[in-house]
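According to TrEMBL, the feature transmembrane segment maps to 47-68, 88-106, 127-144, 150-170, 221-243, 255-278, 290-310, 322-339, 345-363.
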Amino acid sequence: MAGYEYVSPEQLAGFDKYKYSAVDTNPLSLYIMHPFWNTVVKVFPTWLAPNLITFSGFLLVVFNFLLMAYFDPDFYASAPGHKHVPDWVWIVVGILNFIAYTLDGVDGKQARRTNSSTPLGELFDHGLDSWSCVYFVVTVYSIFGRGPTGVSVFVLYLLLWVVLFSFILSHWEKYNTGILFLPWGYDISQVTISFVYIVTAVVGVEAWYEPFLFNFLYRDLFTAMIIGCALCVTLPMSLLNFFRSYKNNTLKHNSVYEAMVPFFSPCLLFILSTAWILRSPSDILELHPRIFYFMVGTAFANITCQLIVCQMSSTRCPTLNWLLVPLFVVVMAVNLGVASYVESILLYALTAAFTLAHIHYGVRVVKQLSSHFQIYPFSLRKPNSD
């Protein structure tokens, strides 16, 4: 497995023909963030590799996740009567979240500035973004947490899936149209949440206990914003873009089946993970919510990365992801009845396996494409210049 090659010769040939095509119509991004990023990118030295900027931003997101896991391991820290997360932690998380968002916005500009844009850079960026979804959502959850004034772990699980499907929708669009339509929700959510983290440090989590309007709590606003953005902005715009491509006869896949293949694995992941929750003898989501979210998010990231490889190389998306096989086996075992401690062991083992498998996939794909394009992933030097 150490030298296994995930990218096929056909896909490598497809990467050679790849041309980046994206559309950004978000006013916040166009008129505020892009001018800001254009200024920030000038601070970076021209020898700094864009992928290093991308990876640094991802590590900040992971650090926020781990920091909040330390101070709020079971999501009860924001509930009344519990020891709250220190104010300085909210400030750190808010600042680092905005820095990570900024780094994600300037990496492509640094690539163009240094004339080092490659398909690997785009794949690396979007691949890490797919894994960042779970880190971001779970970290935000600590603002409200569980308890009488918070959001139940199952509702958060459903909200996580709303975010995950919103993310993959953009790459489904590109798989079918050849154009990446950048979602509005990403920029709005990143700026808003960074601000909310800082506000939480100033006013305290108790401020979120109060009704926002009449009996409408802030937790309800949080839920409504995620669902509303997905149903009223992301989904309609994706369907509109798909329909326009269909009307212009520019769709890359002619059959409905081929167009919908990218959704097969995510939907099966949702079905299996939800079945596990509903049939769990130990109420696994209540017992280990953070680990369960991470397991689902990591499997989703692997599925999405394989889709991104296929849409960039103009090859067919795999019908099913192999990570679903062990998940299916575990769900069947849980359905047949296992002891509570065995179920917890299965969850931790599956999470570890998914994490190692996904890291292995990422490392091997980066090495393959680096070798193919004869570049170093984290340096602007060329191999033949050594």
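Placement of Cβ uses the backbone N, Cα and C atoms for every residue, glycine included.
TrEMBL does not curate its annotations; it predicts them automatically.
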Folded-back contacts onto the transmembrane segment (88-106), same chain, C-beta under 8 angstroms, at least six residues removed: 33-34, 36-37, 40-41, 44, 53-54, 56-58, 60-61, 63-64, 67-68, 71, 125, 129, 136, 139, 190-191, 193-198, 200-201
Interface check, the transmembrane segment (322-339) with the transmembrane segment (255-278), three or more C-beta pairs under 8 A: yes
Contact between the transmembrane segment (150-170) and the transmembrane segment (47-68) (3 or more Cβ pairs under 8 Å, separation 6+): no
Top partner of the transmembrane segment (127-144) among 47-68, 255-278, 290-310 - counted as Cβ pairs under 8 Å: 290-310
